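Heads up, the thing below is written out as structure tokens.
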Amino acid sequence: MSKFVFVTGGVVSSIGKGIVAASLGRLLKSRGYSVSILKLDPYLNVDPGTMSPFQHGEVFVTEDGAETDLDLGHYERFTDTAMTRLNSVTTGSIYQAVINKERRGSYNGGTVQVIPHITREIRERIHRVASNSNADIIITEIGGTVGDIESLPFLEAIREFKNDVNRNDVAYIHVTLLPYIKTSGEIKTKPTQHSVKELRSIGIQPDLLVCRSDKSINEGLKKKLSGFCGVNINSVIEALDADSIYSVPLSLKKEGLCKETLKYLELEDKECDLKNWEKLVHNLRNPGTPIKVALVGKYIELGDAYLSVVEALRHACIEQKALLDLHWVSAEMIEKDSAETYLNEVDAIVVPGGFGNRGVNGKISAIKFARENKIPFLGLCLGMQCAVIEWARNVANLPDASSSELDPKTPNPVIHLLPEQEDVVDLGGTMRLGVYPCRLTNNTIGKKLYDEDVIYERHRHRYEFNNYYKQSFLNSGYKISGTSPDGRLVELIELDNHPYFLACQYHPEFLSRPGKPHPLFKGLIKSSQENLTQSN
């Protein structure tokens, strides 16, 4: 029988609920409890798959092919547990399910309303995660801020939820902000008091308060919050701004978040083993030589658009005892100027995924610069497609080569639409999504890095390498180091006579973990370090 923890947020958005939920998951797992975490998002989109990266940040893809909120990436990285499509719920998906049931006559002619039908569907989704995961504890993060109209059905649903189970099977955590007023030199509790008041008016009494602040909270403030918010003083948890998200579990452990949560759930506070995590944070805080990595992207104005890529680079640098010196490079600026202007001093180049024409020629120029100047390079998804186009144009004597996505009339579509995508009309959830196997080729860098015959990686794309050109690429020196088991789809490519030049059609960043960096990212950083050693 699962226990349930609900995490809400107050005062401001982007308060860090996802990191708190993920950190609690890490702390519970370190005590031997199994955990699954789900996100309730209050927007009307069915999923974030068709949303602009500028609006929503990256789309995180689960093993079973769900396009989800980036917080699921935090959940997976912190708990080292794979989530599924059940772990991502939006208002759009809830309404879609309820309306479909109404059309099928599932409500026997009744009037369909927010209460009880929408809230019941939300509760059923939470129960479904519990039954499918068999986890000891289900943590649910409610997106948005208490007081938002959009969040009301979710808050009502989690209020009702305590009637589905025993009261000691549920704990409510409210993450809030304690602003520091510089002119008066005071930390203010009033916004938190009002946020809790709003939550109580819905019928939810928080059991724990996690108080975000950039100043330490003294005992007097904790007593004040305890009195006004009806929370035990030991359950007022200080969450100071951290130097890294990976240090948050350690600070919340020190504050007693996990211990207090287990008390409300009437579960044993088992011995906590965070030795590996402490080592990770130590290495993060005590890095070695800086590695200048250029991330050449289309959406660099919003760093969250490439969140998993950045974290994968960070994991690799921690493992290799290097300092990640990340350089954000606009692909469009390279088009206006030159690759040399922005990339001349970097130690490694990463070209991540994306969609559409904008900035593609800048990415291609960056890849050419990496190839010709022997700079370690890693291409991801569109990054691989751009690497293929660059080679075709500049080495394989196909100067008019392109992708049929970028130029439908190109005479040499070295990248083309997957055959199964040709009749697809809807955009949402229709790409090649989720985990697929890839067979690695012997005597390749890819095979050496993975040390496996078959790997499983997550995908999110419609376009692939055009096998019509495979032989001409092989003849001109390209190496295909990974394909689908039937050999039909090219998944991983590389070059000889280069320190490190690999590109993959999949998204390895989704499988990188703190303490377990992905082989392709680890290889990139290691190669960069070797280059630096040789040049010195």
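Any Cβ shown, glycine's included, is placed from N, Cα and C.
Since the structure is predicted, the reported quantities are computational estimates derived from the model, not experimental observations.
Checking the candidates Asp69, Asp71, Asp80 against Swiss-Prot: the one annotated together with Ser14, Ile15, Gly16, Lys17, Gly18, Ile19 at the ATP site is Asp71.
The candidate list Arg314, Arg458, Arg462 contains one residue that Swiss-Prot assigns to the L-glutamine site with Gly354, Leu382, Gly383, Met384, Gln385, Glu405, namely Arg462. Residues Asp148, Ile149, Glu150, Lys188, Thr189, Lys190, Pro191, Thr192, Gln193, Lys224 are recorded by Swiss-Prot as CTP binders, and the candidate that the same record lists for that site, out of Ser13, Ser23, Ser30, Ser338, is Ser13. Other Cβ atoms within 10 Å of the Cβ of Lys224 (CTP binding site) number 17 in total over all chains. The highest number of surrounding Cβ atoms within 10 Å, among the recorded positions Lys188, Lys190, His507, is found at His507. Sequence-distant contacts of Glu141 (Mg(2+) binding site), defined by Cβ-Cβ distance under 8 angstroms and a gap of at least six in the same chain, are Val7, Lys17, Gly18, Ala21, Ile37, Leu38, Lys39, Leu40, Asp71. Spread of the CTP binding residues is 30 Å (greatest Cα-Cα distance among Ser13, Asp148, Ile149, Glu150, Lys188, Thr189, Lys190, Pro191, Thr192, Gln193, Lys224). Long-range neighbours of Ser13 (CTP binding site) (same chain, six or more residues apart, CB within less than 8 Å of its CB): Gly144, Thr145. A count of other CB atoms within 10 A of each Cβ picks out Cys381 as the most crowded of the recorded positions Ile149, Cys381. Cα distances from Lys190 (CTP binding site) to the active-site residues Cys381, His507, Glu509 are smallest for Glu509.
A count of other CB atoms within 10 A of each Cβ picks out Glu509 as the most crowded of the recorded positions Asp71, Glu509.
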